[in-house]
């Protein structure tokens with residue numbers, strides 16, 4: 001079970017709380033199965049008597065902890081004893097809340113999966129959409145509405161679909177869609193479906209039905225998505241990893257909902273293909289690009305009322321900081337030049353191209369990282385494609401397509417001196433870290449919202465007690481008599497209610513982007529594998545100097561002690577701001 005990680009600066013303010021915290025972890029994480037009642041444990045008052053004492057570790061097999069050991073074999077005394085342990089645990093958990101609440105996470109922290117020093121980074125690369133440029137939910141509404149109308153006007157879908165509006169809080173990123181069963185679901189790092197998060201249309205599918213369809217809740221590896229979110233067996237499972245996929249998932253859900261409500265017989269595979277094509281048309285036909293460009297044109301110096309593109313992520317400050325420190329920079333994006341140019345003029349300024357050593361548009365990622373056949377083409381400021389062979393990638397010029405192998409040959413930018421930022425775990429980061437040894441940084445805009453939720457009193461209180469109760473259940477499950485099992489079942493029910501409540505705090509349908517109850521999501525697993533560091537936005541870089549080394553926390557393995565020397569060292573006080581989480585949390 002995850003631990004609560006607290007910096008020493010907070011713990012030292014209250015030595016007694018620190019002692020109780022250590023005792024709490026010794027209690028919560030002991031796996032040896034040797035327990036007894038001990039009124040002398042440091043965080044138990046002896047005046048409360050032995051029945052209210054918390055269990056603590058001693059060389060007595062747990063099987064010997066019977067009603068006889070407690071001086072009575074009555075059902076009432078056994079029940080009373082279990083509840084006294086429960087109440088004492090809850091009280092001690094309550095006492096820890098003030099200490100934990102002083103350790104809120106700064107949403108502008110950069111988190112490390114792998115040790116990396118900015119001192120070693122000479123070249124910084126960037127994606128454009130949701131890396132340098134951020135968009136409001138209005139853009140997702142636009143994409144949804146246009147794609148919905150394309151389905152109606154060009155694919156002859158029912159006019160009744162116009163009754164559906166975009167729901168910005170219905171889905172989250174990282175979900176899987178079973179194409180043949182028309183089911184949207186959340187899957188954890190071990191390929192298990194999180195029951196309660198399976199939706200057909202806009203309605204949850206009962207757990208029993210899900211278990212019957214999948215013969216359990218495990219999804220076999222062969223139908224799971226590959227590094228690019230696609231199934232190796234064709235139209236089986238699709239994972240949605242792109243932020244732009246939120247309106248696509250919502251549209252799929254709405255059309256499924258309409259068909260089911262009206263008892264229309266349909267082929268789920270055709271529906272998936274049609275929705276995918278309609279969403280693609282919004283991009284390919286340039287409809288989205290023109291809308292964003294028009295939005296920027298309408299903004300005046302006196303009335304900054306941008307509808308689609310957001311200015312507040314301080315991208316310009318990050319780029320100028322890197323340039324001032326002599327770092328080389330490049331841009332590789334799938335977006336067209338006119339769209340990027342208009343956006344960067346607005347975000348950074350008309351001299352934005354002076355900051356970049358290489359600019360590549362319409363790169364066709366992830367193919368850009370694998371397909372050696374596409375050469376670079378130079379593009380004029382008016383969008384004209386030139387036919388001359390490219391021998392150098394020159395500053396101030398714009399290039400289209402190409403491939404990474406040619407990019408490496410022409411620039412010589414190789415290995416861990418390059419750090420590339422992108423929002424798409426697969427298309428932007430996977431190949432770079434697996435094949436080319438570049439350092440990678442994931443931009444996860446949802447992170448800021450989730451951290452703010454984790455910093456709330458409700459979340460801290462619920463999560464701390466949830467972990468304590470889980471530990472209590474783990475240890476007390478050895479009592480198999482009917483009286484004990486009645487009490488333990490009540491604890492199990494309470495734990496389940498808390499788990500559902502913490503899921504709903506993040507998203508009522510699917511919960512957190514990063515957790516499926518206690519396990520990491522499939523998204524989290526990919527994030528930890530393909531990104532050296534991750535953050536809510538590039539503006540987080542402004543909080544660090546360019547000599548900073550990012551160290552991942554040494555999270556204890558299941559068989560290791562939960563408190564490590566480096567977690568209680570004075571060196572932890574020298575970080576630029578608190579980057580330790582209140583909990584590693586579960587949902």
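In case you wondered, yes, glycine gets a Cβ from its N, Cα and C as well.
Note: TrEMBL annotation is automatic and uncurated.
Keep in mind the model is a prediction, meaning the values are calculated, not measured.
As annotated by TrEMBL, active site, nucleophile applies to 127. Taken from TrEMBL, the feature active site, proton donor covers 129. Annotation comment: TrEMBL describes 127, 423 as Mg(2+) binding site. Look at TrEMBL and you will find 129 tagged as GMP binding site.
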For residue 423 (Mg(2+) binding site), just count the other CB atoms lying within 10 A of its CB, please.
23
Can you name the residues of this chain that are 6 or more positions from residue 127 (active site, nucleophile) yet have a C-beta less than 8 Å from its C-beta?
331, 332, 333, 365, 420, 421, 422, 423, 424, 428, 443
Once the chains shown are all counted, how many other Cβ atoms turn up within 10 Å of the Cβ of residue 129 (active site, proton donor)?
23
